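What follows is one structure encoded as C-alpha cells, with my remarks underneath.
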Amino acid sequence: MSDHSPLALAQALIRCPSVTPEEGGALSFLADRLSRAGFSVERPVFSEPGTPDIQNLYARIGTAGPVLVFAGHTDVVPPGEVGSWTHGPFSGEVAEGFLYGRGAVDMKGGIACMLAATLAFLDRHGPDFGGSIAFLVTGDEEGPAVNGTVKLLDWAKARGERFDHCLLGEPTNPDTLGEMIKIGRRGSLTGRITVHGRQGHVAYPHRAENPIPGLLRLASALTADPLDGGTAHFDASNLEFTTIDVGNPATNVIPASAKAVFNVRFNDDWTADTLGAEIRRRLEAAAGNAVRFSLDLQPSNSPAFLTQPDAFVDRVADAIEAETGRRPALSTTGGTSDARFIKDACPVIEFGLVGRTMHETDERVAVADLDRLTAIYGRVLDAYF
C-alpha cells in the first residue's frame, strides 16, 4: 500500500489518540507529510482563560492566487467504553471492507482524503500549478471551539493571508457518498424561561401562586405557530423545548418557580437579535399581566449563513457527479460546524464522507469511499487550477 493512499493516511491519523483537547500526534503527522511535500507549515497554539491550550496547523504551498483552502479538525470525541468496540477505537483496523476507529468518519478520514488528493495533485503538476493550496486544521472542533478555527483565521488574517474558497471535509452525506453538499448552516439560539410564582401548600392554593400553568402557557405561545415557512435554501426554523423543571420532589408543595429551556435552529430569515425580539414579543403577549417571567437568551456563535451557489459549488458538484453518478443536493441541514467561522474569511462549502456512524461505537468508513472521496477532491483541484 502506498503511503500516499488515503487508507494508509487515515490509519496513521486514527492511531493518534487525539481526543479533545489532546493533540495525540495527529497534527504532528499531518505537519510532517505536508512539509515533506513542500508546504510551509506552522503550528500556532491558542489559549483562553478557563480552557485548555490548543494546537492548530496552518500550511500553504504557493504564493499566488487563487487560494483554495482545505479545512478540518483532527480532534475526536471520546470513544466511550473501549471494550464495546469490535475493533479498538485507535487501532485503525480494516475488516470486511471497512476502516474502524474514532475519527474514521468525523473527520480523520476526510483529512486523509484531502491530503492524499493534494499529494497526488502535486505529483502530477509540481509546485507551480498556478495558485496556492492551504490546509487549515484545528484540534478544537469537538470541544469548546474557542481556541481553534476562529482564532486560527484571525491569526492568518493578521499575517496577510487571504483565501478565495474553502472546502471543509465534514461528513455531509447521510447514507451514500455523493448525496449532499452543505452550502450553509442554520443558526442556533438557546433560551431559558423562568416563571415566578409563590411557594405554598397544595391544600391552600389561594395562599400560593403556582408557576407551572403559566410556564405551560408561555411554552404553548412559542410552539403554537411556526416561526416561518422556510426560505429558498433553508427549511422552516424550528423551536424545541429541551427541559422543563421545577426542582420540586415534594408532592404537597406548590413550587416557587418553574423553568424551561429551549433551542431554536433558525434560517436566514432571522438574526439572533430579530429572532430574540420575536420570541420576547410572543411571550409578553401570552403573559399579559397574569404571568411573571424572566427570559435569558443566549445566542451561540452560530448565525445562519448561506454560501450562494456559484462556479465553485458547480465544480465540486461536477466532481461528485463524475465519480458517483449522482448530482448532490445543496443542503443547509444538520448542526453547526467550523464553517460558521470560515464564512467570514471566504466562501465555504462542506463535503466529506458518509456520517452514519460518526460519534458511535464502531465508527467506520468504507475503504472504497476513501478512494472515491480522494478522487473527488482530486477532480476539484484539477478543475480549480
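Glycine is no exception: its Cβ is also placed from the backbone N, Cα and C atoms.
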Swiss-Prot Zn(2+) 1 site partner of D106, E170, selected from H73, H125, H196, H201: H73
Candidate sharing the Zn(2+) 2 site with D106, E142 (per Swiss-Prot), from H4, H359: H359
Which recorded positions sit within 10 Å of H359 (Zn(2+) 2 binding site) - Cα, from H73, D75, D106, E141, E170: D106
Spatial neighbour of E141 (active site, proton acceptor) that is closest, considering only the recorded positions D75, D106, E170 and their CA atoms: D75
Remaining residues near the recorded Zn(2+) 1 site, that is with C-beta within 8 Å of the centroid of the site residues H73, D106, E170: G72, M107, G110, E141, E142, G169, P171, S337, G352, M358
Rounded Cα-Cα span from D75 (active site) to E170 (Zn(2+) 1 binding site), Å: 12
Extra residues within 8 Å (Cβ to Cβ centroid of D106, E142, H359), Zn(2+) 2: V76, V77, G103, M107, M358
